[in-house]
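S.K.: Questions regarding the structure given below will be posed in turn.
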Amino acid sequence: MKQQAVLGFTFSLIAAFMWSTLPLFVQQVVKVMDIQTSVWYRFAFSALGLLFLLAISRNFPRLKPINGKNTLLLLLAIAGLSINFFLYNLALKYIPPTTSQVLSPLSSFIMLFTGVLLFKEKIALHQKMGLIILTLGLVLFFNERFDDFLQLNLYFKGVLITIASSFIWVIYAIAQKLLLGQLNSQQILLIIYIGCSVVFLPSADISQIQGLNRFQLVCLIFSGVNTIMAYGCYAEALKRWDVAKVSTILTQIPVFTLIFSHLATALFPYYFANVALNWVSYLGAIVVVLGAMVSSIGHKLIKMK
């Protein structure tokens, strides 16, 4: 069990690192490539990469029959993830990576309230506490941006787009949750990646890749590989470690993004913009993470008391 715990922690940490660095690289790509094209490349790389990994491991999933209900759920999952990726990439044209990641825990709470509406689930005390703490953290984080919200400028637009992407992601998450009881998880991912690639193919200008310099090309390739590694490591972590412990690591993503943003600025100041935050915003980011942690593992802390 100790070895499994170590592996679970390692896979969780890799997944967190992947998701925390993703917006840094995606933002470099959308500066020179239109949104639909960059998203198409991400899905295409992910589909091809997953096929390659399954081929070398000789671990192709056994295809299960897909009925009408599953077809509808797959279409919803494809639509949800396609729109989510598009909005997420679009938001990075207006806001820095740190802002997008600080808002990322919202998707978990939106999923929580959706579960209440659709599946009659109940919101526990620790989840309510987590939401209150997270809301306070967001207020602190945006302490210097209230004028932007009042002026309805591009920064405010980016924040709204990010929140919208969180709502849309829930459609994908619910569809996938319902599909997991019917289809193989690898089969689902393959179909979704290929389906999303097909969605963006008509509007993608594939030739735009020729206009990328070496650094931007590396960023584009990494954004595709990132998706495979993040979701793959996340799945492996869940097999080897407790869900609550995995979630605890993933709640640190906003903090990791702040750290990686400062490292990127220090090492490659020509490519990455400086992180302009005051100490209250840093405190807000920490409070957001605390709120996400309370929502994730607060029930265990309450039981300990």
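Cβ atoms here come from the backbone N, Cα and C positions, even for glycine.
TrEMBL does not curate its annotations; it predicts them automatically.
For reference, TrEMBL lists these features for the protein:
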- 8-142: domain 'EamA' (DOMAIN)
- 157-296: domain 'EamA' (DOMAIN)
- 39-60: transmembrane segment (TRANSMEM)
- 72-90: transmembrane segment (TRANSMEM)
- 102-119: transmembrane segment (TRANSMEM)
- 126-142: transmembrane segment (TRANSMEM)
- 154-175: transmembrane segment (TRANSMEM)
- 187-209: transmembrane segment (TRANSMEM)
- 215-234: transmembrane segment (TRANSMEM)
- 255-273: transmembrane segment (TRANSMEM)
- 279-302: transmembrane segment (TRANSMEM)
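Locate each feature and note its surroundings.
M.R.: Sequence-distant contacts of the transmembrane segment (72-90) (same chain, six or more residues past either end, CB-CB distance under 8 Å): 23, 26, 30, 35-36, 38-39, 42-43, 66, 100, 161-162, 164-165, 168-173, 175-176, 178-179, 188, 191-192, 195-196, 199-200.
Listed as Cβ neighbours of the transmembrane segment (255-273) (distance under 8 Å, sequence separation of 6 or more from its ends, same chain) are residues 16-17, 20-21, 23-24, 28, 96-98, 101, 215, 282, 285-286, 289.
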S.K.: Ranking 39-60, 102-119, 215-234 by Cβ pairs under 8 Å to the transmembrane segment (187-209), which is first?
M.R.: 39-60
S.K.: By a Cβ-Cβ criterion of under 8 Å, what residues six or more beyond either terminus of the transmembrane segment (102-119) are in contact with it?
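M.R.: Long-range Cβ neighbours of the transmembrane segment (102-119): 127, 130-131, 134, 137-138, 141, 159, 162-163, 166-167, 169-170, 173-174, 251, 253-254, 284-285, 288-289, 291-292, 295-296.
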